[in-house]
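Below is one structure, written out as structure tokens; the observations come after it.
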Amino acid sequence: MTAPASRIYCSVDTTEIESARRIAGQVAGAVGGIKLGLEFFIAQGPAGVRAVVGEDGPPLFLDLKLHDIPNTVAGGVRAALPLKPAFMTIHSAGGPAMMRAAAETAATAGAGRPKILAVTVLTSLDEGDLGAVGQSVPVADQVVRLAKLAKASGVDGVVCSPAEVALVRAACGPDFILMVPGIRPAWAATNDQKRFMTPAEALAAGADHLVIGRPITADADPAAAARRIVAEIEASSGGTA
Ligand SMILES: O=c1ccn([C@@H]2O[C@H](COP(=O)(O)O)[C@@H](O)[C@H]2O)c(=O)[nH]1
């Protein structure tokens, strides 16, 4: 079984390069990679990303959640290829042609291509929120529906909450990548996350990777928080995680 630390992407949500570099340095070795998303990318762009992860830095999860017409999303993926992200995100709600365009564009980068992950239903949403946007279905049904569509559209995996991991795994098979935010240790604030579980619960359900931000980055000692999470995972799995 892969070491738990290597399965954690620390979400560094800040507008500041120095703060991002500091956190990335603090958690190095205690997590497997760094996730940079909209907040950082809008403020600092590709040069900021390079300043944080560099050429030989930790694996990069570039979480830009692209959602546009196929040609525009393909262009966004193409423009990101020089950053060599391990993972990139698009929204599954963009539809099959958009997802296929993203996957085909990523494939042009060859063996080191980014894996394309399709966001299903954001972990900050519950059934009431889905109803408000006209999707009056159980959240789990919608997540599984979008995950199957994503798989059929050629992407590498999805972003889903821990609550749907087992269902998506059963529907999409062992090789489909499940990147899972909405992770909250029992001692952490839930913030704006509505569908969440502990790190150990998410891994036991079948998650491949965990996305963890504020429980680590808002802690006075991010490295200690990351190590505490890894220790809790190891303890819960009896050392087999
Ligand atoms: O459904 C989703 C998709 C992406 N995210 C991102 O993950 C992190 C979570 O950060 P926390 O501080 O651990 O809540 C954040 O960057 C989101 O943009 C998500 O939470 N849910």
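In case you wondered, yes, glycine gets a Cβ from its N, Cα and C as well.
Note that the coordinates shown come from a computational prediction; the quantities given were computed from them, not determined experimentally.
If you look up TrEMBL, you'll see 7-229 marked as domain 'Orotidine 5'-phosphate decarboxylase'. Among the features that TrEMBL reports, substrate binding site is placed at Asp13, Lys35, 63-72, Thr123, Arg184, Gln193, 213-214. Annotation comment: TrEMBL describes Asp63, Lys65, Asp68 as active site, for OMPdecase activity. According to TrEMBL, the active site, proton donor annotation covers Lys65.
Everything TrEMBL records as a feature, shown here on the structure.
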{"residue": "Asp13", "record": "substrate binding site", "DSSP class": "coil"}
{"residue": "Asp63", "record": "active site, for OMPdecase activity", "DSSP class": "strand"}
{"residue": "Asp68", "record": "active site, for OMPdecase activity", "DSSP class": "coil"}
{"residue": "Thr123", "record": "substrate binding site", "DSSP class": "coil"}
{"residue": "Gly213", "record": "substrate binding site", "DSSP class": "coil"}
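Among the recorded positions Lys65, Asp68, Pro70, Thr123, the ones whose Cβ sits under 6 Å from an atom of ligand 1 are, in sequence order, Thr123. If you compare Cα positions, Asp68 (active site, for OMPdecase activity) sits closest to Thr123 out of the binding-site residues Asp13, Thr123, Gly213.
For Gly213 (substrate binding site) paired with Asp63 (active site, for OMPdecase activity), the C-alpha to C-alpha distance reads 13 Å. Around Leu64 (substrate binding site), taking its Cβ as the centre, 18 other Cβ atoms fall within 10 Å, counting all chains.
Ranking the recorded positions Asp13, Asp63, Asp68 by how many Cβ atoms sit within 10 Å of each one's Cβ puts Asp63 at the top. Long-range Cβ contacts of the residue listed as 'active site, proton donor' within its own chain (separation 6+, distance under 8 Å): Gly37, Leu38, Thr89, Ile90, His91, Val119. Taken together, the residues of the domain 'Orotidine 5'-phosphate decarboxylase' (7-229) have an average pLDDT of 98. Residues near Thr123 (substrate binding site) in space but far in sequence (CB under 8 A, at least 6 apart, same chain), listed by position: Ser161, Pro181, Gly182, Gln193, Lys194, Arg195, Phe196.
The Cβ of Pro70 (substrate binding site) has 18 neighbouring Cβ atoms from other residues within 10 Å, across all protein chains displayed.
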